[in-house]
Amino acid sequence: MRVVSGIQPTGNLHLGNYLGAIRNWVRMQDEMDDDSQCLFFLADLHAISQPHVPAELRAGTLEMAAALVACGIDPQRSILFNQAQVPQHAELQWLLNGTARMGWLNRMTQWKDKAGKNREGQSVALFAYPVLQAADVLLYQATHVPVGEDQKQHLELARDIAQKFNNDFASDDAPVFTLPDPIVPPQAARIMSLRDGSAKMSKSDPSEMSRINLVDDADTVMKKIKKAKTDPEPLPSEAAGLAERPEALNLVTIYAALRDMSIDAVLAEHGGSGFGAFKPALGEVLVEILRPISDRFTALLEDREALDAILARGAAQAREIALPTLDATYKALGLVRG
Ligand code: TYM
């Protein structure tokens with residue numbers, strides 16, 4: 001089993017990232033056997049597909065590395081690195097650009113959402129972004145890719161690219177690429193904004209009140225939860241009663257995920273309560289889980305050299321795993337390299 005996943009090092013790590021992806025990374029790392037490997041990386045190459053400030057990207061990359069370690073990614077057991085230190089990602093992307101189809105990329109919902117009506121004005125990188133994402137996982141022969149719901153379509157594209165490449169350039173008994181399986185959590189695969197139950201919680205939302213950052217202090221967490229949009233009804237006693245109440249469903253989902261409970265179990269405890277009582281209970285669970293993460297994060301950031309060393313070591317390990325697949329790809333395509 002080889003587990004591979006990434007996160008863009010832009011903005012703060014938020015609760016959606018944590019419950020939708022990072023917590024699963026840590027669980028998979030902790031359950032790994034001797035024959036398995038976990039590779040987690042900062043998708044800094046993806047971050048340049050949209051306008052960005054170089055100094056912020058540089059600082060954000062180290063901060064995201066610290067945040068992942070603070071959440072429980074152990075660089076002794078997992079390979080933690082940033083994409084730009086492993087040039088094989090960009091190299092493989094170019095090789096896969098010959099296989100990916102424009103029509104496939106045109107159908108990506110993230111591309112459609114981000115480009116909106118202004119497709120002509122977008123960078124080529126934003127359009128080609130899912131091909132780089134395919135390269136990220138195919139480069140390591142990933143078998144499992146833990147992600148939130150919003151990345152599932154990109155992983156399906158990675159499978160399509162792998163399959164077409166294998167069909168076009170490899171024999172059935174010696175495929176070049178493994179088809180990766182997306183691993184999406186049954187609960188919390190899509191945490192919504194605290195201000196709008198129809199929009200996902202996101203690093204790019206201009207409103208800080210829309211998300212809980214993993215480094216928010218206790219007062220900020222309590223304030224954001226208190227101000228979270230809700231409705232005036234008390235909580236129902238069964239999940240079906242949340243069907244038309246997206247904001248209420250989101251808060252109950254967050255509570256359930258944090259405490260590893262089902263929605264029905266949460267409602268058995270809190271059904272009949274109004275948000276005046278439920279919100280402080282949710283805030284307390286959040287603070288209890290976030291405080292140790294935030295303390296570790298602050299401590300880790302004090303030793304930037306140690307973080308640099310973690311990333312350099314991870315990149316060296318990743319390059320070693322990547323090379324045979326990259327060589328096989330060049331060879332399958334008939335490219336002469338001496
Ligand atoms: P990114 O940086 O937007 O998000 C990192 C991870 O967090 C998940 N996530 C969420 N899960 C639940 N609810 C939310 N509101 C929420 N917001 C984000 C994402 O699904 C993701 O798993 N393109 C990717 C990064 C990437 C990648 C890869 C992932 C690059 N290469 C290869 C997997 C494999 C991205 O921008 O994720």
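Keep in mind that glycine also has a Cβ here, set from the backbone N, Cα and C atoms.
DSSP classifies Ile191 (ATP binding site) as coil under the three-state reduction. Sequence annotations record features per position, and here TrEMBL assigns ATP binding site to Gln8, Pro9, Thr10, Gly16, Asn17, Gly148, Glu149, Asp150, Ile191, Lys200, Met201, Ser202, Lys203, Ser204.
Here the Cβ of Asp136 (L-tryptophan binding site) has 27 other Cβ atoms within 10 Å, regardless of which shown protein chain they belong to. DSSP assigns Asp136 (L-tryptophan binding site) to a helix. The L-tryptophan binding site annotation in TrEMBL covers Asp136.
With a cut-off of 8 Å between Cβ atoms, the residues of this chain six or more beyond the motif ''HIGH' region' (9-17) that come close are 42-44, 47, 52, 56-57, 60-61, 63-65, 67-68, 71, 82, 148, 190-191, 200-204, 211-215, 254, 286. Annotation comment: TrEMBL describes 9-17 as motif ''HIGH' region'.
Within the model, the motif ''KMSKS' region' (200-204) shows a mean pLDDT value of 93, rounded to a whole number. Per TrEMBL, motif ''KMSKS' region' is recorded for 200-204.
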Summarise the motif ''KMSKS' region' (200-204) as counts of helix, strand and coil residues per DSSP.
0 helix, 1 strand, 4 coil
So how many of the residues in the motif ''HIGH' region' (9-17) end up helix, strand or coil by DSSP?
3 helix, 1 strand, 5 coil
